[in-house]
Amino acid sequence: QIFNQHNAEAPNLEQAFHRMAQMESNLDHDVSWFLLPSYWAKMVVALISFLCFANSYDGDFVFDDSEAIINNKDLRAETPLGDLWYHDFWGSKLSSNTSHKSYRPLTVLTFRINYLFAGGFYPVGFHVINIILHCTISVLMVDVFSILLGGLQFSNKGRRLNLAPKSSLLAALLFAVHPVHTECMYKMPEDMACFILTDKEGHTFSVFWVLVSVILGAIAMLCKEQGITILGLNAVFDALVINKINLLELIRKLLYKDKSLENAGLLRKGLLFRITLLMCGGASILYIRWRIMGTGPPAFTEVDNPASFADSLFVRAINYNYYYSLNAWLLLCPWWLCFDWSMGCIPLIKSVSDWRIIALAALWFCLIGLICQALCSEDSHKRRILTLGLGFLIIPFLPASNLFFRVGFVIAERVIYLPSIGYCILFTYGFSLLSKQAKKKKILAVAVLGILLINAMRCALRSSQWRSEEQLFRSALSVCPLNAKVHYNVGKNLADKGNQSAAIKYYREAVRLNPKYVHAMNNLGNILKERNELHEAEELLSLAVQIQPDFAAAWMNLGIVQNSLRRFEEAEQSYWTAIKHRKKYPDCYYNLGRLYADLNRHIDALNAWRNATVLKPEHSLAWNNMIILLDNTGNLAQAEAVGREALELIPNDHSLMFSLANVLGKSQKYKESEALFLKAIKANPNAASYHGNLAVLYHRWGNLDLAKKHYEVSLKLDPMAPGTKENYNLLRRKLEQLQKKGG
């Protein structure tokens, strides 16, 4: 009789399978949320994620984009593509002691492609690609969350059943509008390109697909270090979603050496073999990466990550855990966001009497509670969702946890891009539990809608802050007022805009907050030098090189100040010390040449400037000084040769045209000199000296009317131009004499 019933129900096998899957996955039954077809759900997620960050498309390059993109030679066509595999993310050789060791050649390659297609450093292209990437990932998350929350079930025809459509839509929306993702919109390819590897839609899990997973993990790691964690997530996915392992039961069997481990699912369908394969693949990737890095860790300073330099293991452990709690808080309440959390932004916890210990206790209370529920709950569905949520929350965060190696930051919002997936899973599951208990489910749904709306508005606001350095740096003042780097960056931004008085205020505050902040001392010393406050500038720069003896830029600037104070021997020594610490330092050779010129050591000056142009062929000031010195010492032929060489390298530099035109005029090559003067004036029509010297040329040449015209233009632009008024008066007297003779 049972056999006959089974045969009678065979045509409805697919429907029965679907009902069984729905019985196991009842999450949507408790969730009071919108039910949309898969296509419309993805359209909604794409649209909302786009609207949140659309205002970032035409923002500037900000913060460390200058080093990662603008000053990164690996983006330029003249750099061989092969060099990308030997350089770090910033374009430095991995073998260098100063290398950051952040090996992301595929990310740099995407920057290079963007640079080539855009025809230069135009941020629009970079930001548009980031927005598209985030929208794409947010859309894919609809399917990913459907699998993670609803389980992986297939019909007898091999189609995946789209379980938990309401829950997956909510989780995907939470992910799409989370404000911590804003930083990734400006620094994204390396932070997001390592993601799209968890969406396993097939139901045949062969060794081939495990190997593909390892290869994709390796590719992800070439985008950003977090990519390696994809292999761990795949192992968790395989165990919990595909094999439906009960972790508590498995642990018990292992502890009691139960021989029925196969029944626990460990060996079922080759799970143990696949996990072993993933582990071996991950270990191989890490070993290769370690070899590429030069088998040495990156060099970070105490200001980058103060807790990691603490002598006490207790202080290190307690502060690491406090950092974890702050990261968790940013996921829960992403209101206080900052571009940089180092340099005293978060003072160290040094004793258990610090009230911030409460944050650690709260974090571990919640984690232990979730872990207990994930292991001990009798509801298999609850166990699976909580374990997956914790897995996605913790595993991608491990490279930033300081557990395996020291990292170069305290908190970085970009590194919780992937862990936010775990947060979205846990939030959605918590919402389903509340919905199940709540009598007024609509009020709860409205509250969640409010959270989504607030997050979306926060995304738009934060995106507007990331559009320019001024807004970004000033927004951090209220979040991290103790962060010396924030004050430094505000000061630097003001100095770049010419507001030196305001910049001094912020640089002084940066030095006050961090008395060993040598870069702030260097920049403050530079401004004071330009304002002729030489003695204070010397004190600051001397202190900077005392704190960091290999700080080449500070040595050079100290030399400039000492030169201005006419302490020439000390200045020369400072310049050579700078060159000792930075072999290829064209600006220092240029300033050394100026020192030698002041001392009338002309040959030494010319050699120094020649070194500057060898190291930096486009060094216009060094070329100009060589031409002028040779001109002033009567070496017109040599000056002409240097001028022509310079213009071949920098053909559009009007200052070089002007200097060479002066030399040619003295050599009585009037026609060629005139052409260069006119070309220089066309490039810079408001330079009084250009018109004045062209007038002198016409005066010598006998073109008196043209000479008169350019003298007048020069005096109009600069009435106090040296020598121009005298030459003009001489010309007027000569013209008057000619008129009298003609009359």
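From the backbone N, Cα and C atoms, a Cβ is placed for every residue, glycine too.
Over in TrEMBL, the protein carries these features:
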type     : residues : note
DOMAIN   : 296-368  : domain 'DUF1736'
REPEAT   : 484-517  : repeat 'TPR'
REPEAT   : 518-551  : repeat 'TPR'
REPEAT   : 586-619  : repeat 'TPR'
REPEAT   : 688-721  : repeat 'TPR'
TRANSMEM : 33-54    : transmembrane segment
TRANSMEM : 131-151  : transmembrane segment
TRANSMEM : 202-223  : transmembrane segment
TRANSMEM : 230-251  : transmembrane segment
TRANSMEM : 271-288  : transmembrane segment
TRANSMEM : 355-376  : transmembrane segment
TRANSMEM : 388-409  : transmembrane segment
TRANSMEM : 415-434  : transmembrane segment
TRANSMEM : 443-461  : transmembrane segment
Query raised in the report: What are the helix, strand and coil residue counts for the repeat 'TPR' (484-517) according to DSSP?
Result: 27 helix, 0 strand, 7 coil
Query raised in the report: Is the number of Cβ-Cβ pairs under 8 Å between the transmembrane segment (230-251) and the transmembrane segment (415-434) three or more, considering only pairs separated by 6 or more positions?
Result: no
Query - Local confidence of the domain 'DUF1736' (296-368) - pLDDT mean - result: 90
Query raised in the report: By Cβ distance under 8 Å, which residues at least 6 away from the ends of the transmembrane segment (355-376) in the same chain are close to it?
Result: 247-248, 251, 318, 321-322, 324-326, 328-329, 349, 382-383, 386-387, 389-390, 426
Query raised in the report: Tally of helix, strand and coil residues over the repeat 'TPR' (518-551) according to DSSP?
Result: 27 helix, 0 strand, 7 coil
Report summary line: Per the Cβ filter (under 8 Å) with a sequence gap of at least 6 from its ends, the repeat 'TPR' (518-551) is approached by 484, 487-488, 491-492, 495, 500, 503-504, 507-508, 510-511, 557-558, 560-562, 564-565, 577, 581
Query raised in the report: Restricting to the same chain and to residues at least six past its boundaries, which positions have a Cβ under 8 Å from a Cβ of the transmembrane segment (33-54)?
Result: 131, 134-135, 138-139, 141-143, 162, 165-170, 172-173, 176-177, 181-182, 185, 445, 448, 456, 459-460, 463
Query raised in the report: Which residues of the same chain, at least 6 past either end of the transmembrane segment (415-434), have a Cβ under 8 Å from a Cβ in it?
Result: 27, 30-31, 141, 144-145, 148-149, 167, 170-172, 174-175, 178, 180-181, 184, 191-192, 194-195, 226, 229, 327, 330-332, 370, 382, 385-386, 388-394, 396-397, 399-400, 444, 448
Report summary line: What DSSP reports for the repeat 'TPR' (586-619) is 27 helix, 0 strand, 7 coil
